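Participant: According to TrEMBL, the protein carries these features:
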- 124: active site, charge relay system (ACT_SITE)
- 149: active site, charge relay system (ACT_SITE)
- 326: active site, charge relay system (ACT_SITE)
- 143-380: domain 'Peptidase S8/S53' (DOMAIN)
- 627-697: domain 'Secretion system C-terminal sorting' (DOMAIN)
């Protein structure tokens, strides 16, 4: 395999990472508004302590010492000042959600099982951390009673199946069965979550509520605030078990599950294998949406009925089968750990929370009686295999981008459809918290209103949205002004057709900008030629390939990473820039469907040109045809026509002059750098009038 490394950029050589290291946590913290989160945590802790002193002189929640008896955890005070207590959402799903494909020996050829990854968990008490199936990978951070519910939920995330007895429900095995859990008592959750997230926590799991609602409450706003301050955080919440409660009517969702930035999880009936939309049946208790402002909730579904799990009476205690959205949500939490681990293994960085949510919802298996999202299953059944393949295929059959949109700006990118599967494109973003309202208030809670469109030059394609006149009916396609995820699906795209994707916004943007995540699937894996003009920003990873030529006319910002493969050449044209701190890899090789090959580390570290002397005079780019052949084997011909005298120089990455020769009344000069290592060099012509420069590639 021929590799041509572009040596005039600062290049970081990444090592494969299988866990969230201390260094990676620090990187996330630098992109997190830590001080604001710490202040947010302190404020909510003070409010919680005042509330507890008001209802209980000791400042403690009422609890019991039995693992089976539910605790009485005060979540808030009602309008009369009386305490409202939490309820816990009791109800082998790994095959149904296809997480087994990521395990060692699985269908994808990976070995992603949660090694070194950590989830936060807030529940009804302590986990039996000494349970044989948990292998001491659960850490209790509060002095609380060991509970069945907490132990079962932890097991759904991280339990190993090695010790589980067989049952008609399968073995009790967590989705990320080699990961860790940090377990908290649920009473002071907002403050504690903010504090954990300020220290780099990627995902938290919550399976409790007080009363079912569908309006945008202060509880939902609190967690939306945390997500907005911590862009790499994902919050997973049970949707609720209120479908059969005659007192709730259409208000069925957990308070928090109405939040915009979290993943709210419904439950399916017992499910082993997905065979199509009709194979997914709603669990009889699972809460439905929508929210009062018409947003798509729940977001996604997983199996939460008759799930094998752990009990807390002793270290070898197992359930036959538990039921509830308490046991579907942790499957999503475990899946988030696996997907973050896989993405980090491939890209040496973690996904933003909006990317995680967008990826999980974009790749869900269709469920329900009609295409598109609905108020029962959200975007469908969790499909971890499909999400992982989208990560692996990034730069080929799929694209995953993290970018930002400035006020009044438009983002555009062209994609080529394969025609062998639907073309799907979605954007998702972490929105600022909305306005807290009362029950049945339909005020739209979207703050930054982004829009996605696809066009083939003749037709414009719109995203899914709920039918606001009939929420029980099929979803429609049109302008979506409510959701902070928008997805376009073209069922039968034309093979080889170029589609232009546009991201824009309505009105003004809070803080004059918005980060967003873009997921596209159904792409042609290998096109002949590409011209790349889209900027690679400070947190983006751009992977693209072509069977012949890639022409670069884009900017690579500091912290940005670009990986380009082309059989014949990677051309740097006017408009291409890369600043210090960016990373660009150019490979002269054909297209590949092997993500390891597409993202392989460079052979050596290369730097910028810090020491090249800057002569006086105007600097211009030397015309492309003035140096040939380029790329070349080390001997280049330079056209000097129209330049009476001067000097031709070639500099390497370290600023060292590789070639220098003066000329006078000379039409051409031969530049010989055959002894130099393969790579890219700077050739320049210095004359009395001006300085002309050109990048040259030695094969």
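Positions of Cβ are set from backbone N, Cα and C atoms, glycine also.
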Participant: I need the CA-to-CA distance for residue 124 (active site, charge relay system) versus residue 149 (active site, charge relay system), whole Å please.
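Facilitator: With distance taken Cα to Cα, residue 149 (active site, charge relay system) is 7 Å from residue 124 (active site, charge relay system).
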Participant: How far is it from residue 326 (active site, charge relay system) to residue 149 (active site, charge relay system), counting Cα to Cα, in Å?
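Facilitator: Distance (Cα to Cα, whole Å): 8 Å.
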Participant: Per DSSP, what is the residue tally for the domain 'Secretion system C-terminal sorting' (627-697) in helix, strand and coil?
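Facilitator: Result for the domain 'Secretion system C-terminal sorting' (627-697), in helix, strand, coil order: 0 helix, 44 strand, 27 coil.
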Participant: Take the Cβ of residue 124 (active site, charge relay system) and count every other Cβ within 10 Å, whichever protein chain it belongs to.
Facilitator: 27
Participant: Counting Cβ atoms within 10 Å of each candidate's own Cβ, which of the active-site residues 149, 326 comes out highest?
Facilitator: 326
